[in-house]
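Colleague: Take a look at what TrEMBL says about it:
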- B:2-186: domain 'Electron transfer flavoprotein alpha/beta-subunit N-terminal' (DOMAIN)
- B:Arg205, B:231-232, B:245-249, B:262-269, B:Asn283: FAD binding site (BINDING)
Amino acid sequence: MKILTLIRQVPDAEARVRVQGSAVDLEGATLVMDGMDEYGVEQALRLKEAGAGTEVIALAVGPKRNEDALRTALAMGADRAIHVETNVALDAIALSKLVAQIASQEDASLILAGGQQADWDSQALGAATAERLGWPQLTWTNGLEVQGDKLVGRHDVDEGNESFEVSLPAVVTTQQGLNDPRYPTLPNIMKAKKKELRKDTLEQYGVQPLARVVGAEIQARARLGKVIDGKDAQAAAAQLLELLRSEAKVLA
Amino acid sequence: MILIVAEHSNGKLSKSTAEMVTAARESGREGPITILVLGAGIEAVANEASKLAEQVLVGDVASLAQYDATVWAAAVTQIAREGEAHTILIGGSRSGREYSPRVAVKLDAPLLEDVISLKSAGSALQAQRYTFLARVTETVEADAPVIVVTVKPGIFTPAQPEMNGEQYDVELELPQPRVAVTGKSVEKTSRVPLAEADVVVTGGRGVGSPENFATLVEGLADSIGGGVGATRAVVDAGWRPYSEQVGQTGKTVQPKAYIALGVSGAVQHLSGMGKSKFIVAINKDAEAPIFKVADYGIVGDVNEIVPALIEQARNK
């Protein structure tokens, strides 16, 4: 069974996000493989190590710099990588068309994608890809095993969580708690340099964006940033309750 | 027509449905607003929905008792096609954001996801949404004969129940569910639902223990009539149920006041609560990032300050 694992390269959680003109400017920001996608790579590797997978293929679509994220996936243990290099920003529905084509070409039986990456805050790619392929999908998964031709696991839903069972092929989106991703070791980083990283172009897949970003702004609400002295607990409590009444107006 | 898919739970229409009605009205898109109610035994929900729109379509089918993304997507797509809907609004709940991409693919439509505003710009539909862990507000635009939108909960003012819409039963051709649910854990709380509370009191690892969480966080929430929230670390440690988690992988809340007790304030947590109107942080670590977004910060011991708050709030 081939496993396709999708990678996005996003700003590090601590990185400062800037807006230039009407778009987010990532120039100079520290960029990393998205944390949620890391759970996907790790899970793919674990399934392969458990005998359920034969090959793990990492896929990224985006600018040249995405090679770094793919090399990280290869250094973690992915067998090979595909990079569709483009500067066109694709929305999730458009991107799913490309991912579905690659999954079919590669004859993949399982696709792992991040639940909601730290750049576009979208949850749509996994489900849209599943629909294009006619596969079921499991989102916000925090437990996953392969048993024969079935996937068994646990995931979060609207009002709690569910255990599930579903036939392969399928799409699974990840979240924190699924596993503890490994760090690439130096020997594996060296080995990764020799692994295949195929370059494709967007034109090969005939995909156009369906929605476009026309503006971006950082709307940090101006916070009061006032400090109440906590040494006298009773006085601090009285002051805070008064503020909740008079300023926030949430208490009678 | 503008099609809204109702959200409901435990036999009651969710507030998000009335919020979507407002979003539909603000969108400037033409045509009557129709609400589609899907489920099993949903008469009461359909009655509530008919107070919000001119027309309510009711798909009351036993097999819809259990949510399944492929089944929901098929039902919504069928009704959207039959009613020639040009705009489809779906709630930005976990399930809504899960089946909406399928509807978009089936209808060959763009998807505007988790929007916080909606307006027409010529023939296009323009929306705002949060990105980069809610640090950026992006404006996105789509222009197509059919557009699917998911609406972020808790943003739009709920429409008043003042209509008297007609109800129609619909016949649905549904596929078999693809996912077998083998176990379920539904988390219930007797308090105000987190997403609807005016005040949310959230505890982080800094409160020290599950027992302290109950005394301090629940105690304060109860004394001021608030909802209870928890950080990822607290939920991972098994102190609190997932239903209380606030942040990137939990719920997004936007209360009038958010009180963070012993919360350090990781970016992933801030993305779930950073839009709250008024933020209070109590933490003994003066360097905690939560203070950067707080309106009022108390550097101090939660074990001393919170009991004082509870006592004074109760004696008021």
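Placement of Cβ uses the backbone N, Cα and C atoms for every residue, glycine included.
Because the structure is a prediction, the values reported are computed rather than measured.
In the displayed structure, how are the listed features positioned relative to their neighbours?
Modeller: In the three-state DSSP scheme, B:Gln248 (FAD binding site) is classed as coil. In sequence order, B:Leu133, B:Gln268, B:His269, B:Ser271, B:Gly272 are the residues near B:Gln248 (FAD binding site), counting only same-chain partners six or more apart with C-beta under 8 A.
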Colleague: I want to check the contact list for B:Ala266 (FAD binding site): same chain, sequence separation of six or more, C-beta distance under 8 angstroms. What comes out?
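Modeller: In sequence order, B:Thr231, B:Arg232, B:Gly247, B:Pro289 meet the Cβ cut-off.
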Colleague: Which residues does B:Gln245 (FAD binding site) neighbour through Cβ under 8 Å, counting only same-chain ones at least six apart?
Modeller: B:Gly229, B:Ala230, B:Thr231, B:Arg232, B:Val235, B:Lys251
Colleague: In the predicted model, what is the mean pLDDT computed over the domain 'Electron transfer flavoprotein alpha/beta-subunit N-terminal' (B:2-186)?
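Modeller: PLDDT averaged over the stretch: 96.
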Colleague: Specify the count of other C-beta atoms within 10 Å of the C-beta of B:Arg205 (FAD binding site).
Modeller: 18
Colleague: Out of B:Val263, B:His269, give me whichever of these binding-site residues has the highest number of other Cβ atoms within 10 Å.
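Modeller: That would be B:Val263, with the highest Cβ count within 10 Å.
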Colleague: By the criterion CB under 8 A from chain A, which of the binding-site residues B:Arg205, B:Val263, B:His269 would you report?
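Modeller: Near chain A: none of B:Arg205, B:Val263, B:His269.
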